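First the structure, in the form of structure tokens, and then the observations on it.
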Amino acid sequence: MASLFKDPTKLSAYRDRRFTGTQEEYEAALQASVTVYVGNMSFYTTEEQAYELFSRAGEIRKIIMGLDKNSKTPCGFCFILYYSREDAEDAVKYISGTMLDDRPIRVDFDWGFEEGRQWGRGRSGGQVRDEYRTDYDPGRGGYGKMVQKELEAQRELVDYGGAFQPNAPPQYDRGDRKRGYGDSYRNDRDYQRKRYRNDERSSQRAPDSEFKRDAIDSEKNPRFREKGDSDEEDDDYDKRRRR
């Protein structure tokens, strides 16, 4: 059961990679520091809320909110600077694990704030832990940044017709027949193709049909005259009709 609790000999559960000294120097800085690091905060927790909670441990000198380096908005952590070491110890002892803005927060000793540490270190601007997080956390922006990018890419692919959209609203024609978005386009395209083929066939058959029509007219018209016919034959035909 001892593994369920913090090691009392360790002042902090993490080691800041920006600290340039040795491990011994790092631990010495933690023992003398009046700064605590607060993690697992909601993106929507304000500085006033943090002040109200941490002032119960002692008088606060300064609060530095952690910010997304791109959007300059809170990204889930902060630094609390006290005036005394005793107050910092009380904050770690009594406030770590309590609820702030409906979230259990983590409080650790910090070796001391320096300019630049207020910015998130993740590739997307926020904290590294929020880059590849696959669980949905509404207090920290939903899914992790990389997961959100994948979801946005899938939505864009669907919007541009690159993938099937299962929830697309159906369309109805006059016969109340369901069809997808692409059916009207395909029907129009097929119609144009059929019309083009019919026109092409009609143009190819036009000379033959005209020739047949002329031949029929020539059979019905007794006065249709072939080559070599003379006006005398027409006169004989008129005389026979008058008789």
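Using the three backbone atoms N, Cα and C, a Cβ is placed for every residue, glycine included.
Swiss-Prot has this to say about the protein:
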BINDING   Tyr14, Tyr37, Arg106, Val107, Asp108, Phe109, Asp110, Arg117, Gln118, Trp119, Gly120, Arg121, Gln127, Val128  mRNA binding site
DOMAIN    34-112  domain 'RRM'
REGION    120-144  region 'Disordered'
COMPBIAS  128-138  compositional bias 'Basic and acidic residues'
REGION    161-243  region 'Disordered'
COMPBIAS  173-228  compositional bias 'Basic and acidic residues'
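Most Cβ neighbours within 10 Å, among the binding-site residues Asp108, Asp110: Asp110 holds that distinction in the structure as shown. Across the range of the domain 'RRM' (34-112), the DSSP-based residue counts are 19 helix, 31 strand, 29 coil. The number of other CB atoms found within 10 A of the CB of Gly120 (mRNA binding site), across every protein chain shown, is 24.
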